[in-house]
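Contents: one structure, followed by commentary.
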Amino acid sequence: MSVVVPECCDDLKRERGRCLFNKEELTNILDGGPKLTEKRRRIEKMLINTPELFDDVSPDYLSHEDRYSNELRKATQLMTTLEKNGFTYNDAVTTGTGLWLLMDGNPLSLHISMFLDTIKGQSNPQQLQEWLPLAEKFKIIGTYAQTELGHGTFVRGLETTATYDSTTKEFVLHSPTITATKWWPGALGKTSNHAVVMAQLYLGGKCYGPHIFMVQLRDLETHRTLPGIVVGEIGPRLGMNSNDNGFLQFNHHRIPLTNMFMKHSQVTEDGKYVKPLHSKLSYGTMVQTRVGIVYHASRELSRALIIAIRYSAVRHQSEMVPGDPEPQILDYQTQQYKLLPHLASFFALRFSARALLEVFIGTSAGLGSGKMNMLPELHALSSGLKAVATNDAVKGTDICRLACGGHGYLSSSNLPRIYTAIAAGITYEGENTVLFLQVARYLIKSFRASSQGQTLPFSVSYLRVQPPSSHAPLMSDRGLVDALGAGVRWMVGEAERRLQQLVDSGHSPHAAWNACSVHLVQCADAHTRYYICEQFVDAVSKLGETVSSGVHEVLRQLCRLYILHRVIQTAGILLRCGAVDGKALTSIEEEECHLLATLRIQAVSIVDAIDIKDVFLKSTLGAWDGNVYQRIYEEAQKSPLNKSDVTQGYYQYLRPLMKANL
Ligand SMILES: CCCCCCCC/C=C\CCCCCC(=O)SCCNC(=O)CCNC(=O)[C@H](O)C(C)(C)COP(=O)(O)OP(=O)(O)OC[C@H]1O[C@@H](n2cnc3c(N)ncnc32)[C@H](O)[C@@H]1OP(=O)(O)O
Ligand SMILES: Cc1cc2nc3c(=O)[nH]c(=O)nc-3n(C[C@H](O)[C@H](O)[C@H](O)COP(=O)(O)OP(=O)(O)OC[C@H]3O[C@@H](n4cnc5c(N)ncnc54)[C@H](O)[C@@H]3O)c2cc1C
């Protein structure tokens, strides 16, 4: 059956006809300016004109091995296409386009992110000069090998050892137990010939804690594993199965002294240790990746939202009024309630990701001149935002899937794949509960410092013991954000009181911490969301002077929805601390419902403005033309089971069963 694709179906034409704002202007804001939109589109055009980057057959129909090879084929093609056209791998990462093409994890992602970032951030000048050109030109291919079978979260508990032998000026890398096996690193199994390896540094019998080493794993000609090294792939996962996540063991494997990354701490030839300016500088690559993941999570959430919102405008179901035609499902208030707060979250995360990037850039510049004071603030912000962004992207993506009913469960909707890929983000790069507990540690320390009269850094300054009272009317955006801040201050104060009470009653500080940790995680989550609200309000108010009134109105509505939704989610706390009363909450609930109806009118245009082309959405439900049913039908025809009318399984199993005398 041939497909006659209309320019765009009537439903979507009508939706787009109601647009009251300049879509291109909103696209520019999301990209970070017209020049960046233009650059992204140039990259997209180049990629779309490279047919080798696209799948002939859905990876769902490939074997485990073919899936990997197919992704490797596309990943290498992507790198050469970018290079030939004067772009870098970073351009593909920062615009999202590269990651969308390589849809399910890919064998070069760790190379272009954590391997290169470690070389750039942890090398001394000689190491940088030696390794960076090789890695940038793919002469060596690497990954970030930190996690072990026995330890992922607790980096200080890693078991791999790097023992210095001053007689040969080498480190001896060893995996003393099965639990010391490196486990999980992306691209470690079959792709990488190098890895940056986190191992416990031993000098003269003394352990100096985890340090990073550059280790060659495979021969650069034959790609065979080097002696003293065992490496392989860990097998199928929930998602991201095009990647070769791997395992690695060392058997007294020797590497030169100069292979320890020596920007921050050094070992001299005679085995003396030179301390870094801050003990956690070697965790820098993780911090940088967390910053990137906030963007990544917001992008993946936006893909799911485009699919679900367009589909909700095309799908008609049931009767709202008996006897009337079936309405678009987007007209149901419950459907709006499922999707639109997540649309607001996407915008909130995008503005917060940008603010975090600025903190990262500022802190990194400070580190260059020996200033360490912003490091705890960056660690807390990047940990909290990574956790909230991935939690919300995962939840939002699953809601988008559910909002598409049965068809959302189809692989061809692409929602399952977006979900399984981003679901890993809750665990990797710091498990979210663990990261929230790091944030909580910072909150409690800050709260206590404030009680002792110390000035607090900007992200926690609202926690000060005697904050100025809010002058903004409660129901204004600022007033509600101030109320949320008062709620967090109350929660942190309460956590501190409970901790102190437990210590006073004889518990150790560590036992008290564990006994309060559920509440502490809630404090960290609430603090990070307060920060996100602040960034959203600030960004919209700053943009107010420069953008057209239509775009400003849409952003203002999305920001308002985000805040109202947050206040309702936090109602219990806000009532307990007296920041709002029942009457205010009732009017907030009513306003939220009203706002859902207002935003619904332009929802399709808003997701259009996110501007992700069909080839990157890869969804039968979310394509720009809305031709959903034809696409679903055509995708189903590609199933290998449809190649013949009667399958082998019939002759092998079904027929014998039918003929058996049971
Ligand atoms: C370029 C962008 C690319 C985006 C691409 C997106 C696409 C993604 C696709 C695939 C990517 C997949 C990547 C996944 C890779 C990985 O998962 S790599 C492995 C990551 N592993 C982790 O994240 C481990 C998590 N654990 C930790 O970070 C730490 O162990 C810990 C923070 C939980 C605790 O560390 P520990 O050493 O035990 O700390 P303590 O000794 O208890 O000290 C705590 C104090 O140290 C401070 N601190 C901790 N970390 C940092 C830091 N990074 N910076 C600054 N300070 C830090 C902490 O605040 C405590 O300070 P106080 O004592 O003063 O309170
Ligand atoms: C798809 C994927 C890709 C990955 N890629 C890489 C990679 O490239 N390189 C690499 O080195 N690693 C990689 N990892 C590993 C990843 O970083 C770890 O899985 C992650 O850091 C969590 O560690 P864990 O698995 O040991 O979990 P655990 O720490 O064992 O967590 C299990 C549970 O214990 C809880 N828990 C642990 N510690 C605490 C605590 N202190 N307080 C309260 N609760 C706690 C957690 O909240 C969680 O509920 C990857 C993982 C995945 C899933």
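Positions of Cβ are set from backbone N, Cα and C atoms, glycine also.
So that you can see what the record holds, here are the features copied from TrEMBL:
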- Glu429: active site, proton acceptor (ACT_SITE)
- Thr147, Gly186: FAD binding site (BINDING)
- 22-141: domain 'Acyl-coenzyme A oxidase N-terminal' (DOMAIN)
- 283-444: domain 'Acyl-CoA oxidase C-alpha1' (DOMAIN)
- 480-659: domain 'Acyl-CoA oxidase C-terminal' (DOMAIN)
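Where TrEMBL records a feature, it is marked here on the structure.
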residue : record                       : DSSP class
Thr147  : FAD binding site             : coil
Gly186  : FAD binding site             : coil
Glu429  : active site, proton acceptor : coil
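Distance from the CA of Glu429 (active site, proton acceptor) to the CA of Thr147 (FAD binding site) is 10 Å. Taking only the Cα positions, the spacing between Gly186 (FAD binding site) and Glu429 (active site, proton acceptor) is 12 angstrom. The domain 'Acyl-coenzyme A oxidase N-terminal' (22-141): residue composition by secondary structure is 88 helix, 2 strand, 30 coil, according to DSSP. Around the Cβ of Thr147 (FAD binding site), a 10 Å sphere holds 19 further Cβ atoms from the protein chains shown. For the recorded positions listed here (Gly186, Glu429), the lowest count of other CB atoms within 10 A around the CB belongs to Glu429.
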